[in-house]
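Take a look at the structure set out below.
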């Protein structure tokens, strides 16, 4: 059980984690016991640890609701511009500890739970991750919500309340096996259902043209039931809302069709409608054109836009003239950010509402729509770009297809006027692709229908402008921007690495939590040996703690004084976990060749999920686990080298492994990783980076100095040159004896003696269709890794470099990113007002839920 803090520790933490005050603690204990009794209907004799978690969650939630209501009243009174962040993914992780930190309740809660004879850490571990995302894109949305609340922006996250989030990954005999993530099984204390705001969403049907205008009729209706989750800002009394929609069948669903009287079957068929919000599609950077997925995309968009318009009409700006609402002020009151193309149907849907329902002329509707929407691009991989078959859209959303055709016609008219003879340019820029079955290019729809398009790191935004959407940026160069991604320092430092957060606060004060650029002040301590030792001590404590966790959870013993070399992210060929694997085998071979030679001990930790249908990614996991099996059981290797595959990598596991990491692997082929955010988390937590000049690594090197990262391998231009020349994997295989040995071992069954040809698909890919050129960077990577080992032996030099990285990581706060979106795209002003809680929180009748 965690012991209570000493007075000195309390003083040190007072501002960051709140004041412990006797009254606070007494009140929290009272709230806890009240919830145990009245909410959970248990006493201490029969309560389980899960009951205690729920009692604590409800107690903390009590401290949110007044602020939540008060924030919504404040927005209702002041009518600020609102921003709506539309995303099919919100990878939130756990909520309890983050809420305690942002409300300044952590110390008081720790003390209360200790006095109640319970273990806070045990209770925190009971909470399920809200895994409503695959990886970076969904986690970015979660960080952005935290920053928007902390900056006092009137912001709403809108998405889907998936009943099953990203699958739980089990490793059986070295293979990934997926299990359903029934995260709501025990209930979710953080959400509030809002059935009073339930809205209809239409599918199928047909389009009718009448005197009065166009109507979409004979549709199937599914209801969207909103669940609200509070999003607290850091210590500013702002609590914003994430509203997730759940699909419900209407009460008369299918009953009108069953004249025969098969009432039971009609009720059972309600499941078909409700399947829309059943499960998150587990693809990262890959497009799967399934009807259910298209339904999900339209479902979230249709429900959200009705909600946005309802809220606009209820405000003083939604003024009426004789006929209906005047929407001129709409873009001054509403900004909608599309997180990738997944919510792209919002563009034709808003046009449908304006033109068909609100009876606006097309040109007016289009002008308002364009001013309202902005689009963030997240990937340049062609297989990830959404291209929906026209016949599927025609069946599911016939009116939207007509609107998309109309948008495209006007768009192409413009192209033809500007480039009269350039037919190929029209083909390239059309929203409709003709070759191989008609498809709608959703990225093109977004670019045409938005006033701003941004990439997520400088290098990525350049590639977007000069390669992927070159024609569009020639047409409207001012539309294209860069907004380098960021991470929230609340979760990714205060919560996951309290030792480091406190150490920094001792040196520079605690204001850095809301202004991470202040970390540059740490540069003045690079010569302070005592401070460097303290930083190293925090890292060692984190490594020890993680080692104990691994031993308990995975029954693996590792050497906590070895270098922790960590590669955690989705398993994908472009992220090149294979390159890491080849290096592991190379190190193994070197130890075996000369066992007496000194070797810097390493624990290589690789983790991440493979999409269930991605054969190559699953083979990569099997290779890693097979190599681990051989390496970890070779007595000649002993504790010099260990390989761990980290099962079921997720937000709550990232919070454990990142603070314990020495070396962060960011080794995608240059030009393939849009930004990455794991790289930033490692940097902030005192790991050094080995990486290519890709994504945000480029800007990390810019901030810290390239000499303070381990940069290797081809740059974007080198990759292009190699493509032009023709990449011949065999040349590298023949020229590099160590690489040849490694590949031969994999090929001849050294790591799969019972199935010698198990990895033939990997070998075949590496030689004949490796788009990501693993062999081309192998030599540079291995050499760079030798430099890493050398530096690790000089702990003072290593820790100096660590401090330089931490001091340079301030740019990568999502607060900075959101300030840039607010200024350059949304035209909104962050507010540092601490909302007053004085107004009676119970009198907000007309503000409630608005």
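Cβ from N, Cα, C; glycine included.
Predicted, not measured: the structure shown is a model, and the values here were computed from it.
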Could you let me know which of 363, 517, 639, 789 shows up in Swiss-Prot as phosphoserine? 639
Candidate set 561, 652, 809, annotation phosphoserine, source Swiss-Prot, matching residue: 561
Can you grab the distance from residue 364 (N6-succinyllysine) over to residue 310 (AMP binding site)? Cα atoms, rounded to a whole Å. 20
Around residue 44 (AMP binding site), how many other C-beta atoms are within 10 angstroms of its C-beta? 13
For the recorded positions listed (76, 156), most other Cβ atoms within 10 Å of the Cβ sits at 156
Same-chain residues at least 6 apart in sequence whose Cβ lies under 8 Å from residue 639 (phosphoserine): 558, 559, 562, 601
Which one of the recorded positions (45, 524) has its C-beta surrounded by the most other C-beta atoms within 10 angstroms? 524
As a whole number of Å, the Cα atom of residue 561 (phosphoserine) is distant from the Cα atom of residue 44 (AMP binding site) by 42
Among 109, 156, 470, 681, 796, these being the recorded positions, pick the one whose CA is nearest to that of residue 44 (AMP binding site). 109
Candidate binding-site residues 43, 45, 76, 310, pick with smallest Cα gap to residue 109 (site 'Involved in the association of subunits'): 43
